[in-house]
């Protein structure tokens with residue numbers, strides 16, 4: 001089981017690193033081609049579509065993952081739900097584009113183009129869900145990687161050719177095409193799933209109704225800042241905030257977005273095996289925080305050079321927003337495990353109830369911050385909203401995976417030490433250096449190197465659980481290298497042989513007569 005999970009995590013991380021690398025290059029190029037206003041328009045349009053997509057998904061993927069056994073009836077029912085809802089939302093979004101973009105013709109066109117992506121989702125979504133269920137993250141990496149490459153190529157090319165904000169819309173459609181084609185190519189054996197059937201419609205409706213409402217509520221809260229800024233402020237504010245969120249959440253995208261796809265299948269397997277989820281949940285908190293906390297602190301300290309490198313000079317106003325969001329995100333560490341734990345334990349309704357309790361209050365806090373202080377105030381409001389979300393989520397998780405409150409502190413204690421040790425060097429460089437919070441290239445490089453050394457040293461000193469995985473991975477890599485590189489006994493034998501040969505040669509040369 002541990003080896004399966006480790007392999008899934010490594011494959012998922014590998015895919016994520018490639019995806020993030022492509023995304024960084026894409027963002028750096030496009031942010032220098034398009035204006036802040038054009039990117040703000042794209043962010044607003046994407047937010048509308050993502051909100052609709054939360055309902056269109058109907059929790060079908062998670063329905064297949066958490067089911068004890070996927071039969072032909074259940075698979076075909078899931079496909080039928082996706083097909084019907086995708087067609088419905090395509091028609092609805094095309095029809096509503098005029099009303100949603102009544103004040104902006106470009107927004108109307110943007111939404112109409114994006115709607116075509118809905119028509120391709122029924123092909124790729126059930127196949128991807130089956131890959132995740134079976135921990136086939138190698139195949140999934142090929143699917144997602146192909147879609148990412150196609151999307152990035154289309155976006156950069158179209159932006160360069162002068163398509164403006166529409167570049168994002170057309171690139172999203174080409175990505176959906178690539179994902180559907182690649183998914184079919186990777187799992188042609190799942191062709192049986194594409195026959196309409198409603199044999200299990202009651203079960204799918206029961207699970208999907210709760211899951212889709214949960215997804216809608218959470219996605220609405222996630223997109224709320226974009227909608228609020230789009231309503232009360234110019235599109236430049238939307239663009240500035242949306243890019244600041246991307247930079248500040250780079251650690252999540254790099255380290256945890258890929259893991260999010262692994263967590264639910266792993267926890268579901270634990271639940272199907274009758275094993276308690278509390279230990280897995282607490283262990284997961286330790287692994288998340290040892291990576292998340294140091295990374296967010298580093299982003300906050302190096303926000304200025306990050307923005308300049310990733311976005312360019314025109315985005316310098318995003319720096320304080322990046323710093324605030326990165327620090328506030330330190331408080332949100334249990335979030336990635338909450339929904340998967342509740343779903344795996346058969347308590348999907350608890351996830352919806354939890355969201356309905358804390359998200360409306362969080363929304364009021366966010367709106368108040370934006371109303372009074374603009375994008376910066378909106379970001380700062382997360383310091384109030386996030387702790388509320390975490391407390392409510394933990395209350396519901398403890399009902400399904402019982403643990404004591406003190407066990408949370410115990411689970412993350414070593415991570416806290418690692419975070420402090422990792423932050424020591426970059427903090428000293430920022431405080432002592434003449435450039436302060438605007439370090440140059442050399443100072444920023446030294447800060448990153450110091451953070452890495454501090455992190456690894458603290459992981460070893462505290463014997464953090466992740467250290468065992470690092471050693472296991474290093475051992476696996478070493479076993480794949482030529483034996484001469486890793487087997488020091490061979491090196492010693494070879495050295496002794498060379499020394500003996502040199503000694504014999506020397507004796508022979510001494511014995512030979514000189515002319």
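The backbone N, Cα and C atoms fix where each Cβ goes, glycine too.
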Give the range, chosen from 15-35, 36-56, 141-161, that TrEMBL lists as transmembrane segment.
141-161
Do the transmembrane segment (416-434) and the transmembrane segment (315-339) come together with 3 or more C-beta pairs under 8 Å, pairs six or more apart in sequence?
no
Against which stretches of its own chain does the transmembrane segment (440-461) lie, if we need a Cβ under 8 Å and a gap of at least six residues from its ends?
290, 294, 298, 301-302, 305, 417-418, 420-426, 428-430, 433, 467, 470
Cβ-Cβ under 8 Å with the transmembrane segment (107-129): same-chain residues at least 6 beyond its ends
41-42, 44-46, 48-49, 53, 56-57, 60-62, 64-65, 75, 78-79, 82-83, 86-87, 89-90, 93-94, 96-98, 100-101, 140, 143, 165-166, 168-170, 172-173, 175-177, 179-180, 183-184, 186-187, 190, 193-194
